[in-house]
Amino acid sequence: MGIKAALPRYELYLYTAVLAGALIWAGSWIAEASSENVNRKAFKESVKPGWHYFGRKMDVADFEWMMWFSTFRNHILFALTGHVIFAKIFTLLAPKIGIHGCKHRSLIFGVYGGLAVLITMGWTFMALVLSHCIILYSVALVKMKWLCFVAGLTTLASLKLEPYNSWQESLVTGSFDLQDILFYGGCGFSIMRCMSFALENCEKKDGNYTFSDLLRYNFYLPFFFFGPIMTFDRFHAQVNNIQLTRKDREMWNITTKALVHLGVILAVDVFFHYLYILTIPNDMKLVTKLSDWCLAGLAYSNLVYDWVKAAMMFGVINTVATLDHLDPPQPPKCITMLYVFAETHFDRGINDWLCKYVYDYIGGDHDKIFKELLATFCTFAITTLWLGPCELVYIWSFFNCFGLNFELWVAKLFSLPPFSTIERMMGEAMSRRIRGVFNAANFWTIVLYNVLALNNLEFAKLVGRRLIFKGFPLSSLSVLLVTYCGVQLVKERERQQALLDDPEPVKPVDGGKEKAE
């Protein structure tokens with residue numbers, strides 16, 4: 001079935017109406033549950049007084065969101081603004097002292113980033129990060145990929161497993177609210193960047209990259225603590241490009257994106273005054289009393305919020321990187337647009353890293369069952385280590401690894417007769433509808449497999465029981481119907497994008513008959 005298979009317009013209008021009505025209906029249940037239980041004892045720690053203008057309490061359960069856009073907003077903006085100003089001042093002064101500013105951009109970025117890290121975290125943290133760099137640079141000189149992986153993953157394990165992580169953390173003196181996050185974020189991303197450098201050095205045919213190249217790459221401040229990870233080959237090529245030009249209306253687009261980010265951040269804060277989507281799932285006594293629609297809305301909205309958070313955090317960082325003439329990894333694909341495991345990720349930088357060095361390297365074209373199984377196993381093994389091994393992460397990795405392989409098994413099965421013969425006999429539009437049913441079921445497996453990592457295992461199990469077993473058939477089929485409508489709207493968007501990318505003559509729909517474009 002081609003991606004350009006079309007459906008009648010009236011059918012798409014019906015799908016839009018059903019989806020909009022269902023989202024409003026589920027949202028009303030969540031809003032009612034939030035308002036009626038605002039003073040629950042279990043909400044005391046995570047529901048605090050909000051904006052004075054609303055006169056309502058606000059959901060503050062997510063520390064990361066509050067850190068970025070409330071508590072430490074000014075500190076983060078100060079550091080990123082300082083990076084931009086420092087680079088701009090150097091660019092203006094460099095010609096006056098006989099230095100080609102464009103050629104030394106990476107050096108200036110590295111110097112500012114190193115100083116910022118040193119001032120923020122202290123010399124012991126800096127020494128720890130440099131020790132990681134020295135170890136992995138030394139291994140990189142051997143130019144053996146397997147040895148680079150062993151050294152890198154061992155170093156990462158020392159950061160994620162007891163008692164080695166506690167010993168390393170104790171080396172960092174001082175105490176402030178962000179110390180733990182900056183420590184583990186800075187060290188973790190630093191190790192992944194060093195591994196990228198080592199693996200790219202193995203690919204370099206003549207000579208080696210210098211230790212200075214590694215430091216400039218690793219201490220680029222916008223990416224240092226929070227990511228995203230930009231693989232060394234891309235960063236090195238872009239940061240050493242001396243032909244710095246802006247595309248037409250690029251500054252306008254950067255400004256527009258920054259304003260959009262600001263608008264979304266304000267909108268999320270407003271929603272948190274009315275929808276306590278983060279706090280409610282942690283109160284299992286309350287959750288068991290909620291309707292099936294409310295539970296489905298909570299599970300879905302938690303994943304959408306996690307995408308919004310990642311998009312905003314990486315969006316702020318990417319805006320600064322774009323001002324530096326870099327093309328950073330884009331924000332992740334929205335959960336609403338996902339109905340296959342192959343496209344599911346919440347950090348495009350980590351996803352690109354894993355695909356380049358592990359998943360695509362082992363899996364090849366991803367059409368061989370055994371190679372795909374090995375590729376996904378290795379990918380999720382590294383992902384488990386990256387996230388920090390624990391029971392919840394093991395469960396999350398297992399189910400997502402299974403889902404990715406199960407998709408290939410099903411695709412292989414349905415490519416064989418008689419299924420392939422039956423599909424060729426039916427129209428492309430009907431094939432799209434049938435596939436949409438399976439995609440809708442797959443969407444909810446993605447939701448359930450990932451919501452346990454965002455909330456807790458008990459909440460995920462309760463949602464699964466209520467929607468699959470206790471809610472059958474009414475709740476189960478109605479949620480599946482709504483999801484089917486959403487999947488078809490996503491497919492329509494993909495179809496239109498495919499037509500823009502590869503225009504073809506379109507046959508008109510005559511008399512309501514279905515067409516294939």
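Cβ atoms here come from the backbone N, Cα and C positions, even for glycine.
Nobody curates TrEMBL annotations by hand; they come from automatic prediction.
According to TrEMBL, the transmembrane segment annotation covers 12-31, 75-95, 107-138, 219-237, 258-278, 369-387, 436-455, 467-487.
Contact between the transmembrane segment (219-237) and the transmembrane segment (258-278) does not hold: fewer than three of their C-beta pairs are under 8 Å, each pair 6 or more apart in sequence. Count of Cβ pairs under 8 Å against the transmembrane segment (258-278): among 12-31, 75-95, 107-138, 369-387, the largest is for 12-31. Long-range contacts of the transmembrane segment (75-95) within its own chain (CB-CB distance under 8 A, at least 6 residues past either end) are made by residues 68, 101, 104-105, 108-109, 112-113, 116, 120, 178, 221-222, 316-317, 320, 323-324.
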